[in-house]
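To start, the structure itself, in structure tokens.
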């Protein structure tokens, strides 16, 4: 039985981390083997707080050893990683990816390098950003950063589309084959913008921006999950990007019109299979030097 190993946070209530990623991948036809880096009652934006704890790096390694014992690693189609709770967890992930690639050289590694955002800066514990930037992102086949995380990896500021393209090209030169920028803030103009960069081309996607009273959490996790599933279906990066963009819009639309804060992942599940709305993807023409 083939599957996707998803190593990220988990909440009991709502949809963030694995709670946002696992079901969409299952709905798109994939077995998913979740390993949680933290387990909380709810996401951390609730003013009432949250309960739960982070797991030790050894907890991750122990579960991966167990999967190896039953021969599951050679059947692993992809490793998807998101929020990591410690620098040591990043090292456990690095070791896990190496083990999976050794067991199945065709397995993908998709890294969602959760670090922060332009308005918040770096929000992760000491050592995590460094390990993401120097260890996990360079070894990934696909990275799914936001604009802030891309700027950190490319070691440059991003203020325009041209800047973002240059940053993506720098990122591709460091190892990844695909860069999906899950939110390009510098183009804010009433639309939500995403950018895809591969060696074959660069593509821009725009969709209407919903004016939520409180921004839903877990959207980036959802984007990474749908995109990973699309690639594993054998779609080209552009096709997976198109599907991911349209499906995410459908979930956000359902969430907005329901007046909810938590993503309406279950109610909008048909979007993962057949998005209800289609937005054209624009290929960005690169200026020749």
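Quick reminder: no glycine exception, Cβ is built from N, Cα and C everywhere.
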Considering the substrate binding residues 44, 45, 221 given in Swiss-Prot, which of 9, 86, 276 is annotated for that site as well? 9
Pick from 75, 177, 182: which one does Swiss-Prot list with 112, 144, 149 for the same ATP site? 182
What is the total of other Cβ atoms whose distance to the Cβ of residue 44 (substrate binding site) is within 10 Å? 14
In the same chain, which residues outside the set 112, 144, 149, 182 have their CB within 8 A of the centroid of the CB atoms that define the ATP site? 111, 113, 114, 143, 145, 146, 180, 181, 220, 223, 224
Integer Å value for the Cα distance linking residue 9 (substrate binding site) with residue 112 (ATP binding site) is 12
Fewest other C-beta atoms within 10 angstroms, as judged across 9, 45, which are the binding-site residues: 45
Span of the recorded ATP site, as the biggest CA-CA distance among 112, 144, 149, 182 in Å, is 10
If you measure every Cα to Cα distance among 9, 44, 45, 221, the residues said to bind substrate, what is the biggest one in Å? 16
